[in-house]
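Asks: Got a structure for you, written out below as structure tokens; questions coming shortly.
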């Protein structure tokens, strides 16, 4: 009788093992096997991190193995199990890999296909077509769209973390506790410990140093020592946590009636202000988004205020960016003066502090929350709804949406909800942050997520004119590396543009993002469909770059871009493409390290060895 060797790998995360009964059935082209209990005498099967092997003998030839069924039945109490993969050694000595990387909860069943990525057009066998269709039908019931707030991108239909499908929850309670503890730590650090500082006027700028008590590294120390200087203020718009707002000024706005006479002490080329504009030496940061946003009134004992500044900056002869004029609100007038470097020291410093405060609000709510977290969740929900696990695009993107939906759900549950941390700590809490997202959705376009186009649209693309914009330089290197990689993967599975256009699952994924995530807004520029391999490569680059590099640049990340510990792909060409991708990223790491070697203020946030795969890793 034919005998198969079955190898089962259990996840290494907390609580991944199980004591439940595990049964296996094989489905082949010539028949199906009986259920086999996978159990070895006097042995604790399926422990966390274990790789266990079993001999399975069947009554008759099964032909080519098409599916593997795994059933889990209760032994004593319900015991969830994380199955990494199964490998099968056939009677003729061949090995077949069945990636899983999913939880089996309760008395559940998982049906696995072998690890070869397949488009729908590649499946000609009825049972495989049926498996593909049933998987999506099940997922679409689990992953439902929901409007959390009017005007927001749609999100997952779950009120709290425990309502999420098991496969996208944090791996364990320990993972959930990390988010909870982070929130509590933030509350303790900024709300409780320093509440007296925030609820009253500060009498000394030295009070800022108290915030840095627990933050100790070369960059934070340098910022703390130089934060009052104009050079540091300008540098932060280029390479700080929000390097996406500064743009080249091509025409002085009427709402900022600044003249040459007002700023001539700052202009080093002996040119009129209008001439400096023409030569491309003037830059602007406009916080118009904050105009009219309601300030936080959740605590009647604390008065909070918001500004909507316009800040004009100048590229000096050393090619450094420095501020030359600040207006704190949008409408000019006697009650809204223009502050200048020639003003009294603390008048100018306070004006810069207001700008930095406004920058903080836009950074946290728009640059970080909306344009990385919420956008990545849209891609993630659409991915699970429309692409089966066997699809090559699912295999490519799943690592880049890992835990994204979970961390966003926790944020809606604890951070940006009513009475959440935003309400307690931010001047935009109490509803202002919601108004900001609703407004910013008007500017959330597909093109603005394409890194090179976004840089060019702001007139910030010239390395010669703006030599110290490391966010741009490193971002372009990473963008091109990702795009080269995605183009390789697309080329492996899509032999022509026609195959792309006829991949209905792919088109449904793209349509879901547009119709639900982006609310079907034509002005967003998000494609409703994709018809060429080149456009598909670009789209995939947007998804990966947004979730990894862009988030790292505005959140200061950890690691893992280019690392795919869950081996969803088994094909040699893709593994070789991954290896080339990692090699390209290693080269970028070396380039950035060399550039940073002698810098007093190094920029490494887009160094690939510090970029997480997703917004939640």
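Using N, Cα and C of the backbone, Cβ positions are placed for all residues, glycine too.
So TrEMBL lists these for the protein:
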| type | residues | note |
| --- | --- | --- |
| BINDING | 17, 79, 80 | Ca(2+) 1 binding site |
| BINDING | 39 | Ca(2+) 2 binding site |
| BINDING | 368, 373, 551, 617 | Fe cation binding site |
| DOMAIN | 2-118 | domain 'PLAT' |
| DOMAIN | 118-564 | domain 'Lipoxygenase' |
| DOMAIN | 565-617 | domain 'Lipoxygenase' |
| SITE | 103 | site 'Essential for stabilizing binding to COTL1' |
Asks: Between residue 551 (Fe cation binding site) and residue 103 (site 'Essential for stabilizing binding to COTL1'), how far is it from one CA atom to the other, in Å?
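Replies: Their Cα atoms are separated by 27 Å.
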Asks: Per DSSP, what is the helix/strand/coil residue tally across the domain 'Lipoxygenase' (565-617)?
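Replies: Across the domain 'Lipoxygenase' (565-617), the residues distribute as 28 helix, 0 strand, 25 coil.
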Asks: Could you tell me the mean pLDDT over the domain 'Lipoxygenase' (565-617), as a whole number?
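Replies: Here the mean pLDDT over the domain 'Lipoxygenase' (565-617) amounts to 87.
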Asks: Tell me the residue counts in helix, strand and coil for the domain 'PLAT' (2-118), as DSSP assigns them.
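Replies: Going by DSSP assignments, the domain 'PLAT' (2-118) contains 0 helix, 60 strand, 57 coil.
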Asks: Measuring Cα to Cα, how many angstrom lie between residue 17 (Ca(2+) 1 binding site) and residue 103 (site 'Essential for stabilizing binding to COTL1')?
Replies: 10
Asks: For the recorded Ca(2+) 1 site, whose residues are 17, 79, 80, find every other residue on that chain with a C-beta no more than 8 angstroms from the centre of their C-beta atoms, and list them by sequence position.
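Replies: So the additional residues around the site are 15, 16, 18, 19, 20, 46, 81, 82.
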Asks: Tell me the Cα distance separating residue 368 (Fe cation binding site) from residue 103 (site 'Essential for stabilizing binding to COTL1'), rounded to the nearest angstrom.
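Replies: Just about 30 Å between their Cα atoms.
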Asks: Which one, from the binding-site residues 39, 79, 80, has the smallest tally of other C-beta atoms lying within 10 Å of its C-beta?
Replies: 39
Asks: Which of the binding-site residues 80, 368, 373 has its Cα nearest to the Cα of residue 39 (Ca(2+) 2 binding site)?
Replies: 80
Asks: Would you kindly give the Cα-Cα distance separating residue 373 (Fe cation binding site) and residue 79 (Ca(2+) 1 binding site), rounded to the nearest Å?
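Replies: Each residue's Cα considered, residue 79 (Ca(2+) 1 binding site) and residue 373 (Fe cation binding site) end up 32 Å apart.
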Asks: Using C-alpha atoms only, work out the spacing between residue 368 (Fe cation binding site) and residue 80 (Ca(2+) 1 binding site) and round it to an integer in Å.
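Replies: Per the Cα atoms, residue 368 (Fe cation binding site) and residue 80 (Ca(2+) 1 binding site) stand 34 Å apart.
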Asks: If you count the other Cβ atoms within 10 Å of each Cβ, which of the binding-site residues 368, 373, 551 comes out on top?
Replies: 551
Asks: In whole Å, note down how far the CA of residue 373 (Fe cation binding site) lies from the CA of residue 80 (Ca(2+) 1 binding site).
Replies: 28
Asks: Please report the number of other Cβ atoms within 10 Å of the Cβ of residue 17 (Ca(2+) 1 binding site).
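Replies: Total other Cβ atoms inside 10 Å, all chains included: 21.
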